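Visitor: Let me begin by handing over the structure; questions about it come next.
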């Protein structure tokens with residue numbers, strides 16, 4: 001039996017928003033070529049990992065709507081880590097306290113998968129390096145590699161080509177989501193391809209030009225004239241056109257006092273507005289939370305963070 005130095009650990013698994021999501025082409029492997037800026041926010045799931053002596057992976061959660069079977073990314077990630085360890089007697093009892101809404105465009109499942117790789121690496125004393133964890137994460141989904149290091153990053157390719165963005169953003173964020181709505185990411189990308197494929201680039205040189213432009217200009221901060229900062233999400237035009245709830249959320253956010261910018265995150269349906277700092281976001285939230293609820297939205301207030309998955 002493998003002797004381990006740690007018996008139980010807990011990690012914070014953060015959500016993300018997209019400050020920039022640009023679809024620039026279609027890859028030979030069927031995925032889309034993307035240019036993105038992804039940013040962690042301080043809305044967290046909490047995952048507890050405890051060693052067991054029977055070599056099984058068991059998952060429980062406070063969320064009754066969540067599948068706890070082999071299709072759950074936490075289970076998949078745990079099995080990948082166990083396989084690479086080559087130690088059949090390793091096992092874990094995992095408890096997920098779910099706070100990030102499911103199917104919301106906030107990548108909660110992807111974050112949980114990365115947190116499982118990082119958490120079990122420590123729990124099982126595997127000493128996997130960052131490159132190995134990134135390689136494992138890329139097998140689980142396009143957004144998962146981002147969460148291995150987290151913070152704010154440029155994400156290229158299908159999301160697996162990562163470059164750190166040395167941002168110092170401290171914006172406050174208000175999130176809105178209709179709890180009765182979820183959106184298929186795959187279907188949204190298919191619809192975008194069908195409607196806008198004529199805009200896709202085919203030359204790698206032009207793809208590199210877009211990447212370099214994003215690296216140089218990035219997510220533009222407020223300038224001296226206090227103009228509204230720029231966010232971009234190519235999928236928004238598809239989802240907003242087909243989903244009245246998303247359209248309403250964007251309208252409500254756009255009319256909030258002191259809103260610097262607003263957008264949809266990922267493939268939706270969660271939408272967000274940015275504010276000068278967390279204090280301003282809290283102030284606006286307190287003034288409007290009843291209005292959000294009356295319009296059928298769940299709402300959260302949070303802030304951008306420069307860290308990713310962390311241990312408690």
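Using the three backbone atoms N, Cα and C, a Cβ is placed for every residue, glycine included.
Sequence annotations record features per position, and here Swiss-Prot assigns active site to 16, 143 based on sequence analysis. Residues or ranges marked as ATP binding site by Swiss-Prot: 101, 102, 103, 104, 105, 106, 107, 108, 109, 110, 111.
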Visitor: If you measure residue 143 (active site) to residue 107 (ATP binding site) at Cα, how many Å is it?
Guide: 7
Visitor: Specify the secondary structure state of residue 109 (ATP binding site) as given by DSSP, simplified to three classes.
Guide: helix
Visitor: Could you tell me which of these binding-site residues, 101, 103, 105, 109, has the fewest other Cβ atoms within 10 Å of its Cβ?
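Guide: Selected from the binding-site residues 101, 103, 105, 109 on minimum Cβ neighbours within 10 Å: 103.
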Visitor: Quick one: which residues besides 101, 102, 103, 104, 105, 106, 107, 108, 109, 110, 111 have a Cβ within 8 Å of the ATP site's Cβ centroid, in sequence order?
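Guide: For the ATP site, the extra neighbours are 15, 100, 266.
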Visitor: Quick one: give me the count of other CB atoms within 10 A of the CB of residue 16 (active site).
Guide: 29
Visitor: Quick one: of 107, 109, 111, which binding-site residues lie within 10 angstroms of residue 16 (active site), measuring between C-alpha atoms? Sequence order, please.
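Guide: The binding-site residues passing the 10 Å Cα test are 107, 111.
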